[in-house]
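Annotated compositional bias 'Low complexity' per Swiss-Prot: 229-293, 571-580, 809-820, in sequence order. Residues or ranges marked as domain 'START' in Swiss-Prot: 1-208. Among the features that Swiss-Prot reports, domain 'F-box' is placed at 717-763. For 886-923, the entry in Swiss-Prot reads repeat 'WD 1'. Residues annotated as repeat 'WD 2' in Swiss-Prot: 925-979. According to Swiss-Prot, the feature repeat 'WD 5' maps to 1062-1100. Swiss-Prot lists 1104-1141 with the feature repeat 'WD 6'. Per Swiss-Prot, repeat 'WD 7' is recorded for 1146-1178.
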Amino acid sequence: MQYVNGMDIVKSVYDEVKYLINYTTMPWTDLGEYEECSVQSIENPTEEGLIFKCIGEINTSPEIPLNVLYNANLQQIWDELCIESKKIEQLDSCNSVDYYSFGSPLGGAPRDFVFLRNFSVDFENKSAWVVIRSIHHESIPSPTYMKPSGWEFLQISPNKTRITLVVQINDLTIAPYLRINSVDLKRIYRNTGIQITHTLPNLIKYIKKNYKKEIENNFKKFKTPDLFNPNLNNNNNNNNNNNNNNNNNNNNNNNNNNNNNNNNQQQNIKNSNSNENNNNNSDSITNSNSNENLNEKDGKKILLPQLSEEFEFLDVDEELYDVDKTPTFMFKETSKTVGELEVNPVETGWNCFRKFNDYTFYYRDYDENSLDFACSGSSFIDASAEVIFSYIFSEYSCKIDQWTCGMKTLKKLDQVTSLERMSFRSVLAPKDVLSAVLVKQVNYFQKGIIFLGYRSLLKPSTIVKTGFWYSPSAYYIIPQERGCIIRYILKFRMYLPPSTYKIYPKKQILYVISEKTRATVEMIKYYSINPFYLHKRKQQEFPHWEGIDKFSELAEIFSNIQIRHSKPSLIINSPPNSNNHENEKKRKFRDNGINSTSISIPSTQFCFSSGGGSGGSSSSSSSTSSSLTFSPPQQLSSPTSSSSSSTFSNDSALIDNNQQLDINNNNDQEYLRFSENWESYITRKPFLLLISSGLHLRKPPKKKSPRYLESHNLKTCSLFDLLPYEMIQYIFTLMDATHLIRMSRTCKYFNRICLDDNIWRDLYNREFTKNSSDSLFKWSSIEDINLGTEKKQLLDLTFDHSKKKSNNSSPLSASSSSSSPSPPLLPPPPPPIPQLPDMLLENNNKYNNREQIQKNEHYWLNMFREKETINRHWRAGNGKVSNLRGHKGKISCLQMAPNQIFTGSKDKEFKSWNIATKQCESTTRCGASSVISFEKDNFTKLSTDIFPYCLFMHGIIRLGCSNGAIQHYNIATKEIEKEQRFLYVSNGFIFMKRDIYSYESNTVKLYDSETEQELQMIEIENTKINHCKIGRFENFCMIACTDKTVKLWDIDSNKTELVLNGHKGSVNCLDFLNDYQLITGSSDKTIRMWDIRNPSSAIHNIKSHSSKVKAISIYNNLRMCTGDEDSICLWNLEGSNEPNLLTTINNLSPVECLSIDDETMLAGFSDGEVSYYDFNSK
């Protein structure tokens, strides 16, 4: 890292952008025209990605578009896809650091950018330039990177400008942030530059809309025109009318109100009747039932509906939002919701309580009386976009949508926005019909993409009256070469006072709502493919609204029915449509207390927070006086609770323009002149940037160098005295630990530098994080995690991190290069560790002292020493041994937690041990069977894997028993809360969230834990199964058999794909080394290494054991331990293709199971003893 002159960086960016625009021999590919702008693209010759160029013309001077771009706050107004734009810091008159956030037309998560922007005028060549480059800034975490890009404004005639925009985008930015890894979605980006093609046309439309001759007159006076004021109303307001209105306001308030009503009605409701008389007074407008009345109140336009039949319940104007907004405000607000759910749901207070196929359901407690619900997902529908669109918010909604029983268009405000009146059934009282007025927007993007967004017209404070408040939600319909992908983001708020939960548990309410939402999407998919079936339906088959009166009946239906994916209209286990007389008898029977309501909810994995997951958990600080501190715009305050106001981020969609856009003080906004002496009106200031590895730029820190380095007494009497501290520090970062220690002994100056914690941090990342995996989480690498961040939300592990892989990927067809990840160019910052439940944090736990270590100025030095100590003890086998005694039978399974150890034995007991005291905390008797499997104990451990039990389902772990029972054990209460039983004998289990594998004798079966149904089964003839394991690819299961083979079971095809032959004895155990390699242990006293891409023979055959190998455990592809009847062998897997035996630990009893992490090892023996080896003991 080194400081560079900021203007040198700007000059290099300027030269690169100028080359891309003016070099005419580049083989550009013409992508067509979009709104009179031509779009071209070319493959980036220097890296994977594309370069897009968009060209258009406008009849103005270059000065106008140059200054529109100069005001960064304006882009969120004129750019339809820009969610937020803000100036972070003005370096000088021509250079600034600005923040931008852009939504994705494909429904992906928003992308944040921090740009260093430079403005210049080349008046000799009649052109002006804006060049940008991505940088890092301390106020914006993890922005998206974009290569140098920019604009050219070329004056081709006295009042005509050609605008050229060139943007370099890499493949990572091109790829949409969706769960579906669709090649067609990426092709849309590559073939159209869909986000780039909107920018220039939007700029041209904005200038044409607001550019008037009155503004041209202001240019001659060198004043900033109102065009560049972000407080300017975006509508085409006639200045003369405004002046007349102001004069009328001074003369007669009544006349002023009448004029404002008429003028604003013309400006904001474009689809008004063409023969409407503009001179009608307010009384004539009030008497019209088909029109709304727009009044000016406190400088804000609000919609005042009339007390007519259509708007009889909207009689309070203070409860209405302003609908006079940009055509894509719904798209921008929905994009914020996507960012909340897809990027950081925990930090924004969301809890993922259920996953089902492509559906993910979230909730959060907004306040004590209301709850937010959200559903996110995407699906493929083999139908055209027009057909799919016709079933969403249309006359067919009441036949398809399980929420809606009526839909009517009240008013068409313009070509994009309309008001819809929706009638829907109540959840808690299904016979009741509620009504709501929604604001709906339909946007048509390039390539036929349709965006349909909606939200409630009323303010959230009316939730007490209606029971529901619809937040910005949307459907994205994305055409493909065949069919469409529909992306849905559904979010609303429910009024549920605490008294409701006493009658209907929250779990039941959320489950019913999730099933209703899923049924709606499935209906849209089904009838879009088979539209002729819809017209044959004479009545609603689902969910029998006419026969349901209470929520308990509705919950009972949803707990028993099964919605078929192929034909959702045919409901399995759906109750018949009984008459009202029979239903009334049942209700009286239940109300009398003879048979209390007992709802059987399927065993969906729910994860509720204990009060901490409310919307009030995320906070946004207000803007400060420092220009370097970035803070988001002020959020809309909660109407019911001031403590939760900061979470209402997406509910500020329709606030007034002044509140939303007044980000910076625009009185000091400079103005650039397109003239020969333009530089005389600006000021230049030098600035420095800190460049790191030539990739990203960082703003220089304001901290001064340590005082002791400035002392004249500390000198080396060498050339080092002439070098700046940053350069000396960089030189020292290239040394290893041995040379750093030697240099620290030469002089006091070098000693102080060698103690710099930044040097040891870089050395630590270089030495110990190069082989770490990034696919899962693991607690054991706590030293790689920044423990300084406190009070973090509880991490919701219902998010399936294994989905980072492609569902269609196969280990048999993957390339060999994918097995070894390349190290990052820059050491990533340490990720924050989530806060664990209080029940798992103890004062005597050794991990609690790590936070005190980090506060030390030599934190990374101490961490490096600790890591070296662990490696040294591991190589020598000198771990501190603690024996855990208490079991009376052989150990069948064991697992480590942050401060606990769990063990299961053949003595039919399950024990929990405290790591610090090595004492048994609790003993649970598992009936007449023994515990044989834990949750996650059949998975390979990686360096980033966090212990799953304490974070999953409120500290619930599943225990597999030999009699086939699955018991749910609560770590906090140390009791069995629930028991499932859908098989009667088992030798082992593999738990994978909803899927459960069980093997016994010669069969392996796959069950659905929610429905308790058998999904797949494979039977292997003439052998017995000893062990099963699943690696990175969840659709492949490795099976160790007594016939001396290892078989790979393809779960999708239910076939044995390959067989590994080579062992001369029964294969007893196996573990995965990486994605494609595994190690097996056999009764022939050998361990073998295999590569399933080349299964003909083993890679290595290692003979180091004196008896049959019974257990194997691998940690992070770095270390391995194997156990037989007499000893435990420790192996090093780093830096060599073949495992390297480090040491052998002799034991008095045969080993039954092993488990290791970075610092410790657990061994369970046949005599019931458990040994705990701590390699970090000094």
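Backbone N, Cα and C atoms are what each Cβ position is placed from, and that goes for glycine too.
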Need one number: mean pLDDT over the domain 'START' (1-208).
84
Just to be sure I understand, if DSSP states are collapsed into helix, strand and coil, how many residues of the repeat 'WD 5' (1062-1100) fall in each?
0 helix, 19 strand, 20 coil
Going by DSSP, how much of the domain 'F-box' (717-763) is helix, how much is strand and how much is coil, in residues?
35 helix, 0 strand, 12 coil
Restricting to the same chain and to residues at least six past its boundaries, which positions have a Cβ under 8 Å from a Cβ of the repeat 'WD 5' (1062-1100)?
811-812, 814, 816, 818-820, 940, 1026-1027, 1029, 1031-1033, 1038, 1040-1046, 1048, 1106-1114, 1117, 1120, 1122, 1124, 1133, 1137-1139
With helix taken as DSSP H, G or I, strand as E or B and everything else coil, how many residues of the repeat 'WD 7' (1146-1178) land in each class?
0 helix, 18 strand, 15 coil
